[in-house]
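Following: one structure in structure tokens, then a few remarks.
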């Protein structure tokens, strides 16, 4: 039951989305298979027509929606302005990255189907060249090399380039490449703009056409010539129904359809079929989201165009760097994140970091903690510490050092904004994953009485003892404040040292309060959840996790497990979009 509860919601969403795409594919397939206006084109291309158009409809839908989860400002607005009143609905906004990935995978799958169908279409256009319906032919003559249709036409050439771009984007989005070399993922993913521009050109070719004069020329009808009419036996009851134009010559190179040879009940036509290209429907699908995304990117560029003022840079143990900044009119809520861009590190590359300190009414300073684990963070650290010592103190702004220009885009919403909206919250951090909770703790240090939160369980798991010193001062100050205000039960701090050669303590009498909360080993999650449920009967507890996937999966599973105390756990996880 717990496994079903853990995986059920995710699998249900994936199944529902897959069902919607399959339903759209099937409906479009039947439209082109049974549609009278596509009769002659279907006779020429066969099922390749139906499959290519059905897959194109699915691609239109997903290319439209894949951009919406990347509209970070829109998502932050919906969450922060309380336009979405329901907490459950707001939690769906946290799945934006999952939805984006799902749309991307769907695009890859149906692109393969779309390409395969058009390869068959190119071959059929060449082999089934029809001299009677010149407007339908994409080939110039029978037996033309299909490769000319792929590389010498606008739809074909743009399609080939889009396949290459999509291949680069998909392969560079795999977990292995993102972890080993994030730069490759970043640069290839920004090829999406090229992809959309090619897509706009791709659909403007008008290769596939439909018949417009169905009443004057019913699909499959014939124009019998005089000889055929004389040699046929037509029932007298139908002689008066045959119009005068039936005496017009029948095309010599067009064979007489078999049904007409058997009887005279076949429809007759008054004019040749007329064909017309579809208006590019893709423009309707993607123009709105694409314009919305472009407007948002322009707004973000204008908003982040002015560099911030770095007030201090502090080097912490275990390769962690703290950067404190100020910026005019910058406002943020605890739990949100920003995107940092340093042109001297990389002209185009930027990275998200959770705010560990938010500006308040009394101070304008905000800050981030970043762990030096890649090329970008290494170059960024070297630039910041070039004129700064390892024990850099906080200097006044008018005495600040000459730091490189740094631009901040944001803030943007995250699940941890909800941590203050529960009466009871359980916050679990693994290593540097503590950063989202640091801003929450800083906010509670300023004033905790104005929030709904009345009890906070804070679990922090680290591999080495020095990592706890990142926020040891903050934890001690918050604990002392709550003790002075006679609320020692407001926060329950548990620190776990997962790897150690022996029993260690956080150095100094300054952290004596934390030494008593330090445990050796890993948390016993099942017992921990049972204890929390027992102490908070029939309450809804928000569970927030930022750490390794292994911990996340365990907490997700336990959050969806039932208990005998009537306590409900709602799981949330950090996920940068």
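For all residues, glycine too, the Cβ spot is worked out from N, Cα and C.
Per TrEMBL, these features apply:
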TRANSMEM  12-34  transmembrane segment
TRANSMEM  54-78  transmembrane segment
TRANSMEM  99-120  transmembrane segment
TRANSMEM  149-172  transmembrane segment
TRANSMEM  184-203  transmembrane segment
DOMAIN    303-418  domain 'FAD-binding FR-type'
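Between the transmembrane segment (54-78) and the listed ranges 99-120, 149-172, 184-203, the one holding the most Cβ pairs under 8 Å is 99-120. The residues of the domain 'FAD-binding FR-type' (303-418), classed with DSSP into helix (H, G, I), strand (E, B) and coil, number 21 helix, 39 strand, 56 coil. Across all of the domain 'FAD-binding FR-type' (303-418), the predicted model scores a mean pLDDT of 82.
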